[in-house]
C-alpha cells in the first residue's frame, strides 16, 4: 500500500469521511556545499523520493486535528483561537503546531482541518525528515485554503517554526529544497538571496545515500564552535559573511589569522567555489569533474573543517574504489557520523552495495550500513 493510500485509509477510519486532498513533501540530500548555508553561501541539494504525505480535509470549526500514522495513530487536537504552545508529550506534534502558529503570524487566513500524516523519510539520518514534515503541513493548509504563499514563503515558515517553536537551529536549505525541488534536477541555492537555479542531472544516474550508522556525537557543540569560528573569520575580513571573501584575498593573508580559524574559513571559501563549479559540471554531464569536486569537498571537510570520522572516511574510500571517475562521493550533513552521498551510474549500484557490505563493518566496529538508492524528485505538491 502506498503512503497516499495508507493516509487516505486512516483518514476514512478516523474521521468517517473521505479526505479532500492528499499532498506530499520530500526529504533531501545535499550533493555539495557543506557548512556554507549559514555563511550566506551556496548549496546544491536535490529532493529525494522519500517523503511526508498528508491526507487532509477542511473542518467547519477552528480546530486542527492531527493523526500521526507512524506513531500508532497518536492524536493531537488544538484550537486556532487559543494560544498555540508546545505539546506536553508528543515531540512530533510541535512541528505541526509550530508551522500552524507561524502561518497565523504571517496573517494567513485559514480555518480548521483534519490531517493524517505518514512518512518514509529516515529519521536521524540527516535527510531532513523534519523539514519535509514542516513543508508538508504548510502545503496542506495552503492547498486546502488557497493561501497566497509562494514556495519560498512556505519554506521560510517551516524554518521559523523549527528555529523558534521547536527550538532547533537550522539554515533554510532543507525547507527550500523540499518546497522547490524539481524532478531529475538538483537545485543550486544562494543562501543569501534564496535565488535558485535548477541543474539537470545526467540520465541513468543514481543518487545513493549510505548511512554509516555511526551516531553523530558532539555534533551540536562542534557545530556551534564551527559557526563561531566562521563568524570570527568574517569579522577579521570586515565582511558580513565568508561568502564575501574572494579566494585570492583569503590566500594572500590567511597567515595573519588564527591557524584553526584560517582552516575553517579555507573550507567555506573553497567549498563555495566548488559548489558553483559543481553545478556547471553536473549541467554539462561532466561526471569526472563532478567526482573531483566531491572528493575535494570531502578532503576539505576532513582536513580543514575537521568534521569527519575514520569510519566515514573509509566508507567514502570504499565507494570511490568501485566508481572511480564515473561519479563522486563524499560525506554529507553536519558531520561526526551520519551519511555519505554518492552519484554513480545505475549499473554500478549493486556492485557498490555488495562491496560496502563486505568491507565496511571491519572499519566501523561491526556496524552495518543502511543503503538508500534515490532519484532526484519533485518538491511539495499534490500527491
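Glycine residues also receive a Cβ, built from the backbone N, Cα and C atoms like all the rest.
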Record says 34, 35, 36, 37 bind substrate. Source is Swiss-Prot. Which of 145, 223, 360 does it list for that same site? 223
If I restrict to non-local contacts, at least six residues apart, and a C-beta distance under 8 angstroms, what lies near residue 127 (ATP binding site) in its own chain? 27, 28, 29, 48, 50, 121, 209, 339, 372
What kind of secondary structure is residue 126 (ATP binding site) part of, going by DSSP in three states? coil
Compare the Cα of residue 129 (ATP binding site) against each of the binding-site residues 34, 35, 36, 162, 223 and report the nearest. 162
Fewest other C-beta atoms within 10 angstroms, as judged across 34, 37, 162, 174, which are the recorded positions: 37
